[in-house]
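As written in TrEMBL, here are the features:
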TRANSMEM  A:12-32  transmembrane segment
TRANSMEM  A:61-81  transmembrane segment
TRANSMEM  A:93-112  transmembrane segment
TRANSMEM  A:124-145  transmembrane segment
TRANSMEM  A:157-177  transmembrane segment
TRANSMEM  A:197-218  transmembrane segment
TRANSMEM  A:247-276  transmembrane segment
TRANSMEM  A:288-307  transmembrane segment
TRANSMEM  A:314-335  transmembrane segment
Amino acid sequence: MHKEGKKTVITMLVLTVLILISMYISLTYGVFELTIRDVFRTIFRIETNADFELVIFDFRLPRIVIAALVGLGLGIAGAVIQGITRNGLADSGILGINAGAGAAIVIFMFFFQDQVQGSGWLSVMIMPIFGLIGGLIASLFIFFFSWKNGTFDTGRLILTGIAIGSGFGALSMYISLKMKASDFEMATVWVSGSIYNANWIYIASMLPWLLILIPIIYKKAYLLDLFQLEDISTKSLGIAVEKEKSILLLASIGLVSACVSVSGSIGFIGLMAPHIARQLVGINHRHVLPVCGAIGMLLVVVSDFIAKNVFAPAELPVGIVISILGVPYFLFLLVKSRA
Amino acid sequence: MKTTNGLARIILFTAPIIIVSVIFLSIAYGAKGITLATIWEAFTAYNEEDVNHAIIMTSRLPRVLSALLVGAFLAISGAIMQGMTRNYLASPSIMGVTDGSAFVITICMVFMPELPSISMILFSMLGSAIGAGIVYGFGSLIKGGLSPVRLAIIGTVIGTFLSSMSAAIASYFQVSQNVSFWYNAKLHQADPDVFLMALPFGLVGLILAIIVANGITILSLGEEVSVTLGQRTRMVKVLSMLSVICLTGTAVALVGKIGFVGLIVPHITRFLVGVDYKVLIPCAGIIGGVFLALCDILSRFVNAPFETPIGVITSLIGVPFFLYLIRTRGGGRHA
C-alpha cells in the first residue's frame, strides 16, 4: 500500500510538470509570440501592456483553463463510468451521454436564449443544469435498453450508446437548423467539441460542479474498487450497491454535463485517461482517480494546442483532434482485450 | 412460404404504380406547389419558357429519381452485407463504407480539385472499398471481431476516425465548405449530369447483386453449408463485395452520407418476403427507394419552408429500429 502511494505521488508530480509545461507552451506560442518574461510580468502585474493583457487574459488563459477543467472532469467521470459498468470500453462519448447533454443544451439555446438574453450570466450558469437533464435522459434510455435478464451485456451497452448518440445527434442537428443563422453557427461549432470561444463566465459556470462533485466521487472511490467484485459479494459486505452506484453515476453524469455545456461533445478522454492511469498506478481507485484527472487535463490541453496551432490560421474543433488520437487507442484496446 | 412469395409478387407487381405515384407526389409538393396537370404537361409538351417546367425538369425530377435510386442501392447493399456476413447489423453506414467513401472524396477535392465527376464516382468506390477493407481487416484481426456487435462497434469507431480525418484535412486545406457539400446528404442539389454518369456504375452493381443472389441465399445459411453444397464461396463473396462497393460508392457520390436505410430496409423486407435473396434483393431495392423518396418528401414538411437534411429524418426513424434490433437480437450470431 505504501509503495503504491509513493508511486502515485511520483506520477502526479511528473504529470503536474508536464501539464505546466504544456500550459506554458500553449500560453506563449501562437500567432502572437510571447516570451516567458512577458507572461510573468503580465500575470503578476509587474508591468502592464494592453496587448499582452488582451492576449493572455482574454484569449489564451481562459481557453487553457477550460481545457484543463474539461479534461479533469471527463477523465474522472470516465473512470467512474468504467468502474460502475465494469466495462473497459465505456466512455461518456461512446455511450451517448455527451450527445444527450448536447441535445438538451441545443434545445435550451433554441427556446430560452431570447428570454434570458439580458442576463448573459444567468443563462450561461443554468446551461449545465439543462445538460444534466439531457445526460440523465440519455443514460436512462441506455440503461433501459441494455438491461436484459438482470445483466448488462458489454456489446449491447455500447451499441445502445451508439444508437442513442446518433439519435440525439440528429435531434440537435434538427433543432439547430431551426435557429437563427448566427445561433446556428455557434451551435454547430459547439456541438463538434470546441473551446475556442472560451471566456471566464464559462469557467465560473462549470467550476462549482467540479468543486462539489469531485470530492463526493473521491470520497466514494473505495466503493469503485468493491464494485469490481460480483454484485452479490459487494452486497454481502453490507453496501447498498444500487444506491451507491446511482449516486456515483449521477455525480459522473453531472461532471460530464458541466463539461459538455462548456466545450461541446468531446469524446474518448473518459476512455483513454482511465486506461493510462491504471497502467501507471494500478487498480486502486483512490490512486487512479487523481491520476485520471491529471491525464485528462494533459490530453485536452495538448489536443487543444494541436487544434489551435497545427493548422493555423485555420482552427480545428478540439473534439476532432481528440477522436483522431482516441480511435486508434480504442482499437488497440479492443485488439488487446481479446488477445 | 407460399404466402410470403405472394406478398413478394404483390410488391413486385405494384412497384411501377407505387413508384410513379411517389414520383408525382415528390414533384408536386415542395416550396412551390405544382399541379398534376402541369407535371403532365412538362413531360408531354416541355416548354423551356415555363418556370414550372424548368423546376420540374432540372430540380424536382432529378431529385426524386436520385432518392429512389440511392434508396434502392443502399438497401440492396445492406441486404447483401447482412446475408453475406450473417450479421444482422451489417449495413453501409454502420460498417464504415460510406465514411471511407467520403474520406477519399475529401482527399480528391483537396489534391485534385479539377477532377471530373466521373472520376469522383470511381474514387468514391475506391473509398468504399477502403472503408470496408479496414473494418473487416480489424474484424478478422480481433478474436470474435466478426460477431455482429463487435463488428458494428469497430465499424462505428473507424467511421468516426475516417470522418474526423476528413474534417481535419478539409479544414487544413480550407475546403470545408466544398467537402461538407459531399458529406451531408445533398439530395436537394442532385445534379442531372452526375446522375446520368453514376447510373451505369449503379447498374453494374445491381446486375452483380442479382447474379450473386442465389449464392448469398446459400451463404446466409452458413459458410460450411455453402462449401458442402459445392458453392464457390470465395467467388460469391468477391462478387458480393464488388456489388456493395459499386452500389454504395455510387450512392455516396450522388448524395453523400445517408444512414440507416441500408440497415432497416433489409430487415423489413426479410420480414415481408422471407430469406430467398433472389426475391429479397429486388424487393429491398423497391422498398428502399420508395422509403427514401418518402423521407425526402417528409424532409420538406418537417420544418417548412426550410429543408431538413434527409439524414435527420432517416436517423429519427432508424434509431428506434436500431434499438429494437439490439434489444431483441442482442449479441447473438445470426443473420
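Every residue gets a Cβ built from N, Cα and C, even glycine.
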Residue numbers, six or more beyond the limits of the transmembrane segment (A:197-218), whose CB comes under 8 Å of its CB atoms: 58, 62-63, 65-66, 69-70, 72-73, 76, 80, 120-121, 124-125, 127-128, 186, 189, 247-248, 251-252, 254-255, 257-259, 261-262, 286, 289-290, 293
Tertiary contacts of the transmembrane segment (A:61-81), as residues 6+ beyond its ends and Cβ separation under 8 Å: 19, 23, 26-27, 90-92, 95, 195-196, 198-200, 202-203, 206-207, 209-210, 214, 217, 224, 248-249, 251-253, 255-256, 258-259, 262-263, 266, 269-274, 277, 285, 288-289, 292-301, 303-304, 308, 318
Ranked first among A:12-32, A:93-112, A:247-276 for CB pairs under 8 angstroms with the transmembrane segment (A:288-307): A:12-32
Other parts of the chain folded back onto the transmembrane segment (A:247-276), taken as Cβ under 8 Å at six or more residues beyond its ends: 66-67, 69-71, 73-84, 88-94, 97-99, 101-102, 105, 127-128, 130-132, 134-136, 139, 189-195, 198, 202-203, 205-206, 209-210, 213-214, 216-217, 220, 223-224, 288, 292-293, 295-296, 299-300, 317-319, 322-323, 325-327, 329-330, 333
